[in-house]
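**Student:** Feature list, courtesy of TrEMBL:
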type	residues	note
BINDING	25, 73, 91, 92	ATP binding site
BINDING	25, 73	divalent metal cation binding site
TRANSMEM	30-47	transmembrane segment
TRANSMEM	53-72	transmembrane segment
ACT_SITE	66	active site, proton acceptor
TRANSMEM	93-118	transmembrane segment
C-alpha cells in the first residue's frame with residue numbers, strides 16, 4: 001500500500017468514526033448543533049479572533065471528549081456483566097469529564113458573548 005493510499009484509508013476510517021458517533025450518540029448530535037450555533041453566532045457578532053479561537057477550542061474539546069466517552073462506553077459494555085461496578089464507575093467518570101468540559105465551555109461562552117449581547121441590546 002502506498003503512503004498516499006494509506007493516508008486516504010486512515011482519513012476514510014476516521015470519517016467513518018465521526019459518522020458512527022454522530023449517528024449513534026444523541027448527546028454528540030446535540031453538542032455538535034450547539035458548537036455550530038456558537039461558532040455562527042461568533043461569526044455574526046464579529047468576535048475577536050482570540051475569542052473565536054477559544055470558542056472553537058472549547059467546542060471541539062466537548063465534542064472530542066464526547067467521542068472518547070462513546071469509545072469508553074463501548075469498551076466498558078463489552079466487559080459487562082463481569083465487571084458491573086467498575087463499568088458503572090468508568091462510564092460515570094467519563095460522563096463527568098464531558099460535563100465539566102461543557103460547563104467550562106458555557107461559562108467561557110457567557111463571558112465572551114455577554115458584552116456583545118449587551119452592546120446589541122443598547123443599540
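Glycine too: its Cβ is placed from the backbone N, Cα and C atoms.
Since we're looking at a predicted model, the values are computed, not measured.
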**Student:** Counting Cβ atoms within 10 Å of each candidate's own Cβ, which of the recorded positions 25, 66, 73, 92 comes out highest?
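**Tutor:** The largest 10 Å Cβ neighbour count belongs to 66.
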**Student:** Helix, strand or coil at residue 25 (ATP binding site), per DSSP?
**Tutor:** coil
**Student:** Neighbour count, 10 Å Cβ-Cβ cut-off, for residue 91 (ATP binding site): what number do you get?
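**Tutor:** Around residue 91 (ATP binding site), other Cβ atoms within 10 Å: 15.
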**Student:** Measuring Cα to Cα, how many Å separate residue 25 (ATP binding site) from residue 66 (active site, proton acceptor)?
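**Tutor:** Per the Cα atoms, residue 25 (ATP binding site) and residue 66 (active site, proton acceptor) stand 9 Å apart.
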**Student:** Checking distant contacts: for the transmembrane segment (30-47), what same-chain residues at least six beyond its ends satisfy Cβ-Cβ under 8 A?
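**Tutor:** Result: 22, 55-56, 59-60, 62-63, 66, 102, 109, 112-113, 116, 120.
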**Student:** Rounded to the nearest angstrom, how far is the Cα of residue 66 (active site, proton acceptor) from the Cα of residue 91 (ATP binding site)?
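**Tutor:** That comes out at 11 Å between the alpha carbons.
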**Student:** Round to the nearest Å and give the CA-to-CA distance linking residue 92 (ATP binding site) with the residue listed as 'active site, proton acceptor'.
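**Tutor:** Here the two Cα atoms are 13 Å apart.
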**Student:** Please report the Cα separation of residue 73 (ATP binding site) and the residue listed as 'active site, proton acceptor' in Å, rounded to an integer.
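**Tutor:** Between the Cα atoms of residue 73 (ATP binding site) and the residue listed as 'active site, proton acceptor', the distance comes to 10 Å.
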